[in-house]
Amino acid sequence: MAAKEKLEAVLNVALRVPSIMLLDVLYRWDVSSFFQQIQRSSLNNNPLFQYKYLALNMHYVGYILSVVLLTLPRQHLVQLYLYFVTALLLYAGHQISRDYVRSELESAYEGPMYLEPLSMNRFTTALIGQLVVCTLCSCVMKTKQIWLFSAHMLPLLARLCLVPLETIVIINKFAMIFTGLEVLYFLGSNLLVPYNLAKSAYRELVQVVEVYGLLALGMSLWNQLVVPVLFMVFWLVLFALQIYSYFSTRDQPASRERLLFLFLTSIAECCSTPYSLLGLVFTVSFVALGVLTLCKFYLQGYRAFMNDPAMNRGMTEGVTLLILAVQTGLIELQVVHRAFLLSIILFIVVASILQSMLEIADPIVLALGASRDKSLWKHFRAVSLCLFLLVFPAYMAYMICQFFHMDFWLLIIISSSILTSLQVLGTLFIYVLFMVEEFRKEPVENMDDVIYYVNGTYRLLEFVVALCVVAYGVSETIFGEWTVMGSMIIFIHSYYNVWLRAQLGWKSFLLRRDAVNKIKSLPVATQEQLEKHNDICAICYQDMKSAVITPCSHFFHAGCLKKWLYVQDTCPLCHCHLKNSSQLPGLGTEAAPQPPAGAEQNIVLQEGPEPPDHESPPGTGTQEGSGDSSEHINRGSASQEGAADAGEGPQIPEGEVCPVESA
């Protein structure tokens, strides 16, 4: 059953490719120039070419037929192709019969065939060919009435009966007319089939639109036609034909530089129409998806394909190529200029793929560094991929500077490549810190601050580079050629890569500064209080040799509570808000009210405390979230069962503000 479904899926794509190729040919065909050539040739007196408007209408009819063939259901499409194959077989039978009659006329032998070996060979060959044609037609049309397709065997039967050659010519014409009448009868009996199909399709479309809407109809057609795979196969067929036509006319092998130029020019030739450009877009998307999938497989093996929600990657690269092609008018350029521009666009796509590879590798590498996994092979794969992502973007930027004149798009490529290398450098630095901490007996103090400073340095460099790109783009727009699309790209780049990043970075800095001030304002627990409390930190589940006390009388490690406050300003246990006393109205400089001496030291909550890295603070990025992982907080975790002991004392309602005295 699976094999049948796969075969149907292959047929669903393969049978629709010719319709897109026909659309592509009709787009390339210039009817006006075609008729100008006809007027200058000897075909001008042909009645078929006297009616130009009829040919123009036939041009549009070709578009309609192509769209109909593209959207036909698979069952009807298969049936249509079977009818077409049957027509080809009948034409082949007609050709076999005509060639046989012509050969007999040239030989002028009218005697018994068994007395003439050449005549016998011709008869045997023609008979076998006609039998094969009749059998295939019967199988394709699924009928046992084989005589319907055997009219072209009449000249063979007449020759076997020693009929004169002049009469055999007449019999051959009769067989041709009989077969033509059969075809006309079949077409006439199915004349209303297209109308009925269109009527039923219209009724079904109206029902779907009324019930589900136009968006659901579009998604259904997209999935049924398998549009991405269909256009990718169409473009690959065009590209293969282009390569074949080149090598079939060349006798000498091409050099390496010539092969690279051939590759670019072939791609440029295969994106000269909107249909072929869409094919290139989907092909690039699938190539990017394949590269990113191989990247995950290299890092994680078969575990990469288990519950992977990000298998829709690759569309970013395809959309990028489409936007750049439309913005630069790619399909309107000459082949050489198109190949040059396409090389720049492909560089941008490669830079985007490298950035996506880094997005995949970054959390995996950091998680591997923070874990206790001793597998050298896993560490080798992670580090080798990071080294590749460190060296290759820098090499690509160097080659671009060597061979191209600098402009706005090349600056975007170079800046993206440099930022990718810098981000990989930061990832490797944090990975080395994790590995150093792994071999130490005690955790490294202020590790989260080091990670934050590393990420902050990278984010600052990224912000500066984005700002430089915007400044260069604005200057080029003002003093160079101004376009609406270019201005929109600069505006979008400024909003997402400059303004939003600046906001997130500043917000992250304020959160960390506020968390540090709050920790400094909390009292430090004495040794007597720790012995009396006799509990573990409710965040990292480790024994407390030093701790700070919240206004709600909860004990935490200062570092653990600081990480928690990076995310939210509530107590991890009772969830009351921790604010400075100066921020609360009516409190003035009075000391904050403290619970009674016998108040509970820990409160059993219905919800367990969330880890401090449960929600990544804005602007810190993936690396900081990985650095603040539970492996860093807890390097030999105790049992979670002792996280909180039930105690007696007043409950603090959730959401109540707990003032924190200013230091």
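Quick reminder: no glycine exception, Cβ is built from N, Cα and C everywhere.
Because the structure is a prediction, the values reported are computed rather than measured.
Around CYS537 (active site), taking its Cβ as the centre, 24 other Cβ atoms fall within 10 Å, counting all chains. Residues or ranges marked as active site in Swiss-Prot: CYS537.
Sequence annotations record features per position, and here Swiss-Prot assigns compositional bias 'Polar residues' to 619-628.
Sequence annotations record features per position, and here Swiss-Prot assigns region 'Disordered' to 587-663.
Mapped onto DSSP helix, strand and coil, the motif 'YLYF motif' (81-84) counts 4 helix, 0 strand, 0 coil. Sequence annotations record features per position, and here Swiss-Prot assigns motif 'YLYF motif' to 81-84 based on experimental evidence.
Residues annotated as transmembrane segment in Swiss-Prot: 53-73 (among others).
Residues 82, 85-86, 89-90, 92-93, 96-97, 99-100, 113, 149-150, 152-153, 156, 159-160 of the same chain lie 6 or more positions beyond the ends of the transmembrane segment (123-143) yet place their CB under 8 Å from a CB of it. Taken from Swiss-Prot, the feature transmembrane segment applies to 123-143 (among others).
If you look up Swiss-Prot, you'll see 146-166 (among others) marked as transmembrane segment, on the strength of sequence analysis. Long-range neighbours of the transmembrane segment (146-166) within the same chain, counting only residues 6 or more positions beyond its ends whose Cβ lies under 8 Å from a Cβ of the stretch, are 89-90, 93-94, 96-97, 100-101, 104-105, 108, 110-113, 123, 126-127, 130, 133-135, 137-138, 172, 174-176, 178-179, 182.
Sequence-distant contacts of the transmembrane segment (168-188) (same chain, at least 6 residues past either end, Cβ-Cβ under 8 Å): 87, 90, 93-94, 97-98, 101, 104-105, 148, 151-155, 158-159. Taken from Swiss-Prot, the feature transmembrane segment applies to 168-188 (among others), supported by sequence analysis.
The annotation transmembrane segment is assigned in Swiss-Prot to 225-245 (among others) on the grounds of sequence analysis.
Residues or ranges marked as transmembrane segment by Swiss-Prot on the basis of sequence analysis: 275-295 (among others).
Residues of the same chain lying 6 or more positions beyond the ends of the transmembrane segment (316-336) and with a Cβ under 8 Å from any Cβ of it are 265, 268-269, 271-274, 277-278, 280-282, 284-285, 288, 342, 345-346, 348-349, 352-353, 356, 409, 483, 485-486, 489. The feature transmembrane segment is assigned by Swiss-Prot to 316-336 (among others), with sequence analysis given as support.
The transmembrane segment annotation in Swiss-Prot covers 340-360 (among others) and rests on sequence analysis.
Positions annotated as transmembrane segment by Swiss-Prot, on the basis of sequence analysis: 384-404 (among others).
The transmembrane segment annotation in Swiss-Prot covers 410-430 (among others). If one looks beyond the transmembrane segment (410-430) by at least 6 residues along the same chain, the residues whose Cβ comes under 8 Å of a Cβ in the stretch are 344, 347-348, 351-352, 354-355, 358, 361-362, 365-366, 369, 383, 386, 389-391, 393-394, 396-397, 400-401, 404, 451, 454-455, 457-458, 461-462, 465-466, 468-469, 472-473, 623, 626-627.
If you look up Swiss-Prot, you'll see 460-480 (among others) marked as transmembrane segment, on the strength of sequence analysis. Remote same-chain residues near the transmembrane segment (460-480) are listed as 407-408, 411-412, 415, 418-419, 422-423, 486-487, 489-490, 493-494, 497-498, 501-502, 505 (criterion: CB distance under 8 Å, separation of at least six residues from the stretch ends).
Annotation comment: Swiss-Prot describes 482-502 (among others) as transmembrane segment.
Counting residues of the zinc finger (537-575) by DSSP class, helix then strand then coil, yields 10 helix, 6 strand, 23 coil.
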